[in-house]
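Summarising the annotation, Swiss-Prot assigns S-adenosyl-L-methionine binding site to GLY30, GLY31, HIS32, ASP50, TYR74, ASP95, GLN102 and lists sequence analysis as the type of evidence.
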Amino acid sequence: MHVPVLLEEAADALNIRADGIYVDATFGRGGHSRLILSRLGESGRLIAFDKDPAAISAARSIRDERFQAVHGSYAQIRTALESLSVSRIDGILLDLGVSSIQLDEASRGFSFRHDGPLDMRMDSSRGKTAAEWLATVTETELKEVIRTYGEERYAGQIAGAIVMAQTRQPIVTTFQLAEIVAAVVRKFGHRDGRQHPATRTFQAIRIHLNQELEELSVTLPQCVELLNANGRLVVISFHSLEDRIVKRFMRMQAGTDTLPRKLPVRDEESRMHSRQTLQIIGKKIRPGENEVAANPRARSAVMRVAEKLETGSKVDR
């Protein structure tokens, strides 16, 4: 069962208007969507996105004229909304990462805790599986992926072990990969007992395969463009790589962060960063002790909120 993280907090952060138009960019199993719908009036509207065909299938169970589900990535949100004749929205929620159901379903291949085919695709209807990618990736590229997206100190040793194992037998299951990685980590160092040795490597491969950080980076500017004045951007992230992108973007748009000196930027980027388009609302929010006790996977969640300003104002540098 998928338990939505920061459920009430996210809905509160959207500051929902009864007649507003809202987007749940990651439907999952609809926990956030259902609460948003409960707070909308008869003329309100909610549009949900998800790359996962199983999530879209679950969305069909919502029989509500105010609700519409779109199978696709939130990276194409502007184009998708245009096709629905929606040019502006009053709020958008991005609940990033992989869902509990995806982790717990062995056939999806996301988790080292359940043996299954090494898949890891958010959209199981397209693209390479993790097994297919591992069969062709070079040791150098694999090391870079694990180091960059997993922040794994033993990236080089793990990449070498995976490539070596691949020459002996194709790596096609989650347990195969987990055992290879765990053996390396246990050999070269110690890891927090609460975290499985393969956690960072699985995260890295999943992020790379699904282009999660690239999609987030191209989505955030679209969100700002689509928001009406006083509309809210609410983002829940689950690891430092995501949160760093969200934090930096919001600070840039709020005029509280500057471009690094000597960084080459296009004129349009310089103009964008010189105008204040967002106001950051409050501090980052984390799940409380009770929520973490009931749902341990919520422990790493961080929610950030920003509001679209009436007009972009000049920021003095």
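Backbone N, Cα and C define each Cβ position, glycine as well.
Shown on the structure are the features that Swiss-Prot records.
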{"residue": "GLY30", "record": "S-adenosyl-L-methionine binding site", "Cβ contacts under 8 Å, 6 or more apart": "ALA48, ALA58, ALA59, SER61, ILE62"}
{"residue": "HIS32", "record": "S-adenosyl-L-methionine binding site", "Cβ contacts under 8 Å, 6 or more apart": "PRO4, LEU7, ALA10, ALA11, ASP24, LEU93, ASP95"}
{"residue": "ASP50", "record": "S-adenosyl-L-methionine binding site", "Cβ contacts under 8 Å, 6 or more apart": "THR26, PHE27, GLY28, ILE56, ALA59, ALA69, VAL70, HIS71"}
{"residue": "TYR74", "record": "S-adenosyl-L-methionine binding site", "Cβ contacts under 8 Å, 6 or more apart": "ALA25, THR26, PHE49, LEU94, GLU215, THR219"}
{"residue": "GLN102", "record": "S-adenosyl-L-methionine binding site", "Cβ contacts under 8 Å, 6 or more apart": "ASP52, ARG108, PHE110, MET122"}
Among GLY30, GLY31, HIS32, ASP50, TYR74, ASP95, GLN102, which the record lists as binding S-adenosyl-L-methionine, the farthest-apart pair of C-alpha atoms sits at a distance in angstrom of 18
By the DSSP assignment reduced to helix, strand and coil, which category contains ASP50 (S-adenosyl-L-methionine binding site)?
-> strand
